[in-house]
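**Student:** Right, I'll just put the structure down here and ask away after.
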Amino acid sequence: MTDRAQAVGSGPELGLRLYDTMAGAVRDFVPLRPGHASIYLCGATVQGLPHIGHVRSGVAFDVLRRWLTANGYDVAFIRNVTDIDDKILNKAADAGRPWWEWAATFERAFSAAYDALGVLPPSAEPRATGHITQMVELIERLIDKGHAYAAGGDVYFDVLSLPDYGQLSGHRIDDVHQGEGVATGKRDQRDFTLWKGAKPGEPSWPTPWGRGRPGWHTECVAMCEAYLGPEFDIHAGGMDLVFPHHENEIAQAHGAGDGFARYWLHNGWVTMGGEKMSKSLGNVLSIPAVLQRVRAAELRYYLGSAHYRSMLEFSETALQDAVKAYTGIEDFLHRVCSRVGSVPIGEWTPKFAAALNDDLSVPIALAEIHAARAEGNRALDSGDHQTAMQQASSIRAMMDILGCDPLNERWESRDATSAALKAVDVLVQWALASRAEARERRDWAAADAIRDRLKEAGIEVTDTADGPQWALIERDK
């Protein structure tokens, strides 16, 4: 544990308060085990290239993890990968690719995006397909306890069997709509799917009730408990997951007799024109497209600058304002380095700690950082090098918690997007190979579809005598 962590307090003495969706209020964070924190973050369904809406949750809860770790907590942080899903199967089939190859390709894309933005790698990153045994065991427990039933190869959760169903989202049982469509095997259309019976051409696994594949809600429960146990501290994800996904996770865990998550944290969406950023709405901004406008550290600063529970309305003006703010911090630190000497990481301020302990109030924490920058610049201009160095050291400590310390070697080159673009090149080359195969078999529609998808992601393909070449599409700044 560092001296600066000891100065603020560690373990249960930290004073951290978090908004718990289940309670509908801010609560003191009291971990299940003193000095330890167990966190599960719902990760990506790897069906396509990540956009900034996808990675916001990664950035938001990376700050929580960094704050806990810096204050002496031993943090187990699990982020799953959903690598089997209707959308993955459909998109892979449309592209003429094996489903597992499609999922693995975009899993790498998400890993590259998280890494480009400085999100710490999780303690473990389980794939759904690697935990089928645990899912089957969970479903068997639910059937044995009378909370689930098999019908025609499918297995459903009996919503009416659980009196507290709807406690997270506040949905009354009469208002529940699972969004699964009508299924003939359901006893009640409010029931949700735990296991889907095998269909021709789809992957399947053997179970006591026949071959099939897992339902989305079952995947996360099994992986949570496999890595964190039947009860753990924090379950996190986007606010769009509150219902039905997280509600249905709770139903399964409680139906099986497990305590499950003690705190539920949800981040707000990234919006454009007031609408949630979504591929179905066509208003997404892929990570490669944004990284052609700003550096990775600047994008991280932007995504983390709003309170994690608030909506983050994307606009070019807001993005450039974040760039200007980050550059101001960076320039001050470089001024101190050039005039005074290298800047060590010092201690954060009490106001910064109070802000993060108040439900991760990053906007207030950033205000403290910019106040320190202003004071440091004044000190530097007046020749007070000691004060300037003190402020710079404090700023480094605070920016390090936010994951974007400009003097960290990850960002210091001022060209931190290069690694991300190398990762993008791997993905684009795979797409171009798929396009070439489609052209060879004269499937012009498939070839054009691949080219169009790349263009939507901000990548332009030009056919040359030496083969297809790609470049990032120039955007107006």
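Every residue number used here counts from 1 along the chain in the order it is shown.
Just so it is clear, glycine is given a Cβ too, placed from its N, Cα and C backbone atoms.
The shown structure was predicted, so the numbers you read here are calculated from the model rather than taken from an experiment.
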**Student:** In Swiss-Prot, which of 186-190, 211-215, 276-280, 381-385 is labelled motif ''KMSKS' region'?
**Tutor:** 276-280
**Student:** Which is it, of 33-43, 44-54, 88-98, 462-472, that Swiss-Prot names as motif ''HIGH' region'?
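**Tutor:** Per Swiss-Prot, the stretch marked motif ''HIGH' region' is 44-54.
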**Student:** In the same chain, who gets a Cβ under 8 Å from the motif ''HIGH' region' (44-54) while lying at least 6 residues past its ends?
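**Tutor:** Residues packing against the motif ''HIGH' region' (44-54) from afar: 81-83, 85, 87-88, 91, 102-107, 109-110, 113, 216, 269-270, 276-279, 284-288, 290, 299, 303, 314, 427, 453, 457.
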**Student:** Setting CYS42, CYS220, HIS245, GLU249 aside, what same-chain residues sit with their Cβ within 8 Å of the center of the Cβ atoms that define the Zn(2+) site, listed in sequence order?
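**Tutor:** These residues sit around the Zn(2+) site: TRP216, HIS217, GLU219, VAL221, HIS235, GLY237, LEU241, HIS246, ASN248.
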**Student:** For each of CYS42, CYS220, count the other CB atoms within 10 A of its CB; which of these binding-site residues has the top count?
**Tutor:** CYS220
**Student:** With helix taken as DSSP H, G or I, strand as E or B and everything else coil, how many residues of the motif ''HIGH' region' (44-54) land in each class?
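**Tutor:** Once the DSSP states are binned, the motif ''HIGH' region' (44-54) shows 3 helix, 2 strand, 6 coil.
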**Student:** How would DSSP class CYS42 (Zn(2+) binding site) in three states?
**Tutor:** coil
